[in-house]
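What follows is a short report on a single structure.
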Amino acid sequence: MKQFKLISDYKPSGDQGEAIKALSDGIIAGDKFQTLKGVTGSGKTFTMANIIQAVQKPTLIISHNKTLAAQLYREFKTFFPENAVEYFVSYYDYYQPEAYVPARDLYIEKDASINDEIDRLRLSATFSLMERRDVIVVSTVSCIYGLGLPESWRDLRITIEKGENIEIEKLKKQLISLQYERNDAVLERGRFRVKGDVMEIFPAYMEDAYRLEFDWEEIVRIRKFNPISGEVIQEYEELSIYPAKHFVMPEDAIPNALERIKKELEERLNVLNKEGKLLEAERLKTRTEYDIEMLSEMGYCPGIENYSAPIANRKPGEPPATLFHYFPDDFLLFMDESHVTFPQVGAMYEGDRSRKQNLVDFGFRLPCALDNRPLKIDEFEKMLNQAVFVSATPGPKEIKYSTRIVEQVIRPTGLLDPIIEIHKSEGQMEHIYGEVKKRIALNERSLILTLTKKMAEDLTDYLTGLGLKVKYIHSEVETIERVEILKGLRAGEFDVLIGINLLREGIDLPEVSFIGILDADKIGFLRSTTSLIQIVGRAARNENGKVVMYADRISDAMKETIEETNRRRAIQEAYNKEHGITPKTIKKAIEDILTRENEIKKEAALAEAGPLINSLNILNPADRKKLIKKLEAQMAEYADMLMFEEAAVIRDKIEEVKRIGS
């Protein structure tokens, strides 16, 4: 059995070693819940990686947004290149859920755009969990949403052996039942093709395809190959092909599911008719009977997930199968930034329920649609075998549950938590201007946090009027634009960023050495102890880090934040003195999800492809074919690196080449 093998040039330092040992010992001893309370920049991810190697358990890591999940995924791929590191997030590029707004009598149909590469990565995660134990899955709260039954997904797989006798026609039917499509012209993910005595299958969860060679009905050769270049990668004696979708239904489950749906429809129609809701009853009857017919004939219907409970033979109210059900019982969970992630998990069910309740009440869906849902918080907690909560500011639930809380407050870089000063609100604008000017002289940046949009706008106008380069970030700014603004701040395109909540990015800003917190003494979640400590941590990447709290009194949250920050500074200073470390600002390349190296590759690829594409009309068919192969390889490389927007650009170029050549 393959073991987790951590590969890194670094060794644990500071208090990482103590944290790794304490938490690993706790896991081995059977402790259910523990907390790693680690400051910003202390190397919490590296500590997590060392724990995984020490305990050798299949691991799920949950983050609270896709951006941070992608960062963690890349880091763990680097730490464990010989093991299965997978990525499981929502596969929707765009998602408008089905909904009904009674006040406006407005029904909104479900509308979604699925990201093909993320769909592959999700399937790859469950495939790895079925086939091996050395698996790390990095996920968002997508892991608490309903997924197909793991038993069905596993039991429906096709096992193919060299020397086996099987009719090609029979194998074709088996693949179609697993929701693979036949396409003899183009071999793409989730498809297969047959040419003479050769069948090629492109599993929905892989980047490579399989080629089966037959001698009459005997399989004489099984090979894996690159579907773009055609290069043979490996020969096999046997292999398994898993379904192309997570939601699959064994044939023998269909009759029972249909009976349950029909019975529920009859019961629900009786209720609606008794209540005098004749329009709702007729609407529900028409919609559901159409779905029943589709399920009966095709084994599928639009919105099939709304019938997941009868299909899976679940009782009303029973939790759905989720990614957790694909893990073995002894799995380990890390909840990153748990002070945000834990409450987020708890909020998912209620939001989903309120939307679907309207659909049921007004005759758009059967009550079983309510069981196509995320896990409730108590169901989620029951699913956890052993968990480590990771945060600089763990919440009350983590602290209450944990049998041990392990601190990690020493930064190997020697950087100290910033100095905190308090300044009265009177004259705060002038004081901020003076502090920002000092930072500009040092080629450093500033963050200013306000409580209201009006204050942010006024401060932006004031500082801009004094000749400073300022930008204001607000809730209506899209995620991609937010990342671009943060990159601009780091690159020095402007000097000051003003906003209400600048915590949610989770992106390092080592150039920021000054943070001004307006209305620091106000009561509320934006000025709680947790929020203030997180804000202060933003300036902990710079050797000149300084935070000024503008307030007319010292609130309890301010007092606790200052005391905790001073405690951490003292520990770090003692460590630095003992080891002769002089703190230096972290030097980090300016990047978002993409590294600059990848940007250069992208620019080079587009520059190289551009002239060819522009002169397509003079290219002969052979040259066009070569160009398409080259572009497909580039597209696959971007997708590999989670550079989905760049992959989409190349995909569009490929379509352009094919269109002109047709």
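Each residue's number is its place along the chain shown, starting with 1.
Any Cβ shown, glycine's included, is placed from N, Cα and C.
Note that this is a predicted model, so its numbers are computed, not measured.
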Original post:
Which one of these stretches, 91-114, 187-210, shows up in Swiss-Prot as motif 'Beta-hairpin'?
Top reply: 91-114
**OP:** List the same-chain residues at least 6 positions away in sequence whose Cβ sits under 8 Å from the Cβ of V39 (ATP binding site), in sequence order, or say none.
**Re:** A392, Q408, V409, R411, D417, G537, A540, R568
Subject >> Lowest local Cβ density (other Cβ within 10 Å) among binding-site residues: T40, S42 >> reply: T40
Original post:
Who sits close to G38 (ATP binding site): which same-chain residues at least 6 apart have their Cβ under 8 Å from its Cβ?
Top reply: A19, K44, T47, V390, S391, A392, E407, Q408, V409
Subject >> Residues close to ATP site centre defined by G38, V39, T40, G41, S42, G43, K44, T45, Cβ within 8 Å >> reply: T47, A392, Q408, R411
Subject >> Model confidence over the domain 'Helicase ATP-binding' (25-411), averaged pLDDT >> reply: 93
Original post:
Where does G43 (ATP binding site) sit by DSSP, helix, strand or coil?
Top reply: coil
Subject >> Nonlocal neighbours by CB distance (under 8 Å) for G41 (ATP binding site), same chain, sequence gap 6 or more >> reply: R411, T413, L415, G537, A540, R541, I586
Original post:
Within the chain of G43 (ATP binding site), which residues six or more apart in sequence place their C-beta under 8 angstroms from its C-beta?
Top reply: S13, G14, Q16, Q408, R411, P412
